[in-house]
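Taken verbatim from Swiss-Prot:
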ACT_SITE  376  active site
ACT_SITE  378  active site
ACT_SITE  383  active site
ACT_SITE  717  active site
ACT_SITE  719  active site
ACT_SITE  724  active site
BINDING   232, 412, 444, 780  Ca(2+) binding site
BINDING   376, 572, 717  1,2-diacyl-sn-glycero-3-phosphate binding site
DOMAIN    31-170  domain 'C2'
DOMAIN    371-406  domain 'PLD phosphodiesterase 1'
DOMAIN    712-739  domain 'PLD phosphodiesterase 2'
MOD_RES   692  phosphoserine
């Protein structure tokens, strides 16, 4: 057989079942092309409405394998998320179909066991933002390890652009362009619906009381709630400028960790916590350096002694160990074993939860999942006081883990607080330094509190995860399991149920509509259906031997497509849409977010409408910026930026504006950094001149440079987005494949808006809580507020913010050490008028620590870096 590698197929961020949004990753080399001649490449930006109905007369792909091994593996792993076919007693093919475009899989049917005439009748409504000549339907036979390609059907995108539905029986062709078996056909239908025909995206993100939120998700939109938005772990009164909202209200800056500590103290029934890391010695309240406030561990022990059910679900780092009194911290330094030991003889129940692979996964796939990926959700659920002496559920969701290194304020000190509020809480894993010398790594993050019906969905997520994690495994399965750790709220009359939980009605101008989203699969939760045919009704996607909830990605795509004025993003990572890069297209970083933003801007340019996107990321991912993994991530980040800017430049050329405007008039990337002159707070409240207690020869080179320059990046750990000052999305998910795929890191997020503070409701710019939050973040980053900042889509605002960030970068990079009133830095790359992204002259590497800013293509495990 002649093999002609024409495309790699990797799972994109598309749909499955009847879900509108969501996808997963899968790599596969399809070694043939079923068409002859070249076809025109078309940009498909909109949705593909697809039905994969049935196949007939498929060949028996299993006969050879079972003859070869004597059927020794027959039945092993064949019943996991599969449907029995018409030949359940016969050994034959276990077919399923993948749908792909630009080498990225956008849909997958469930597997039907032992069938040469499978019937799926499976619907996909898939968002696409791909340039391609063909859509591929690949029919495969699922094996115990991997799969075999039976054949493929190709639909030219040029035909789809006519807008007509293409449907019928299509021959399944092999590598020679011939039927894989006489009479073998696939019944399907497909229609392309371009963005301009989709009314869902034309009214803004939160267009009023009748909005249904993100359709086709596991958790629906919940109405009648309240939300508190947080920036950083703490904001001292009077440290940020006032922001005035509609109705004469002044925006109130929340104090996240103090609110969480207060919620713990006031809990009467339950405290449930999930985290990537939870560290018991952390102090949530640090006013006046008061040691009587107690640690997190002490607070939880006290509450458990009062009869409150305290459950803590933490990721079990596979590199940390505790055996016979000896322990290792682990590569990620999450302190999981230390936290478990602290609570061991208390009534606080701590469950260390490994990231398990799916039941039907191969040994290699399981090993990858269990060693590379994590449980990354950060939530706290408590009962709180409600009306009429009853209790209700309140949930905290966001990017802040309750562990060391996370407590910070908008001032983001480097040295001054090492002996006060950051005493015993020093964190800087970027190079070798100490709490005596510094600098600490400043930490910027976003978090939220949900009061209302959506909090019960956060509770449901915890319960589903706890039930799965507490299920006995290995030899423990021989014992009877009766874990009753979770409270049955339906048996506690004083706790309101979901139907009673609305904390505000739609007539209240301060009410919220809130929706909970996740990235998670059936290997991490209990409660997903066993039968994949039932996944459709639960808005779950079908992977191979696994069901997937990918609603965080769906929420991002929905919000970006609905944006009318601007997008503001803060995220720890920003990479994706590799299918549209100029190289490395088959990497598998297939989330749509970067391409959707670029196409949103391009469409606004063609319509000659105002629009801007502001994206804040860390200067570099946490760790040594010279290391191979971080250089590789920075390389992918550079490829993502390049793709976006070139897409925008092409739109400017198309409308003849390339001589007047440039891509950075619409899209800008920023990072955060700060400097301090040589002073430090001391415990008695005074400030003294600070000199390192040790001589420079005793310090490493990076530490010497950092102490001399007295500067460091502010680490952006945020995972949030504001759209048009009317919609906010905050959670634990990064903008990369790990967080958005659903089968890698487990994540959770909330999306919300105030229906009375929307463009549709007001007919003008909303000035509700989300407007106040965005302005407060800008005040933190820029050091002050100007009137131009109220309208981010205006060119005057874009250029003013860029100008200030460039001035801040020059101050950050200068030899002279000066206090920085603002922290927002222009990301240190050069973007020319044609959209080419290159090194900034004179700043090819990061100050002090080195490492190429645009990254390097160094050898490292791919799935670690995307």
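Quick reminder: no glycine exception, Cβ is built from N, Cα and C everywhere.
Quantities reported herein were computed from a predicted structural model and do not represent experimental measurements.
Everything Swiss-Prot records as a feature, shown here on the structure.
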residue: 232; record: Ca(2+) binding site; Cβ neighbours (10 Å): 27
residue: 376; record: active site; Cβ neighbours (10 Å): 26
residue: 378; record: active site; Cβ neighbours (10 Å): 27
residue: 383; record: active site; Cβ neighbours (10 Å): 27
residue: 412; record: Ca(2+) binding site; Cβ neighbours (10 Å): 24
residue: 444; record: Ca(2+) binding site; Cβ neighbours (10 Å): 27
residue: 572; record: 1,2-diacyl-sn-glycero-3-phosphate binding site; Cβ neighbours (10 Å): 22
residue: 717; record: active site; Cβ neighbours (10 Å): 23
residue: 719; record: active site; Cβ neighbours (10 Å): 28
residue: 780; record: Ca(2+) binding site; Cβ neighbours (10 Å): 25
To test your reading of the Ca(2+) site: which residues beyond 232, 412, 444, 780, same chain only, put their Cβ within 8 Å of the Cβ centroid of those residues? 231, 408, 409, 410, 411, 442, 443, 445, 672, 714, 781, 823
For the C-alpha pair, I'd like the distance in angstrom between residue 378 (active site) and residue 412 (Ca(2+) binding site), rounded off. 22
For residue 724 (active site), the one of 376, 412, 572, 717, 780 that lies nearest, given that the recorded positions are compared by Cα: 780
May I ask which of the recorded positions 376, 572, 717 is closest to residue 412 (Ca(2+) binding site) if we compare their C-alpha atoms? 717
Could you tally the C-beta atoms, other than its own, that fall within 10 angstroms of the C-beta of residue 724 (active site)? 26
Within the same chain, and leaving aside 376, 572, 717, name every residue whose CB is within 8 angstroms of the centroid of the CB atoms belonging to the recorded 1,2-diacyl-sn-glycero-3-phosphate site, in sequence order. 399, 573, 718, 719, 732, 734
Considering only the recorded positions 383, 572, 717, which residue has the minimal Cα-Cα separation from residue 780 (Ca(2+) binding site)? 717
Need this for a regression test: active-site residues 376, 717, 719, filtered to those with Cα within 10 Å of residue 572 (1,2-diacyl-sn-glycero-3-phosphate binding site). What's left? 717, 719
At the Cα level, what's the spacing in Å between residue 717 (active site) and residue 383 (active site), rounded? 28
Give me the Cα-Cα distance between residue 444 (Ca(2+) binding site) and residue 383 (active site), rounded to a whole Å. 28
I need the CA-to-CA distance for residue 376 (active site) versus residue 719 (active site), whole Å please. 12
Secondary structure content, the domain 'PLD phosphodiesterase 2' (712-739) (per DSSP, counts of residues): 3 helix, 15 strand, 10 coil
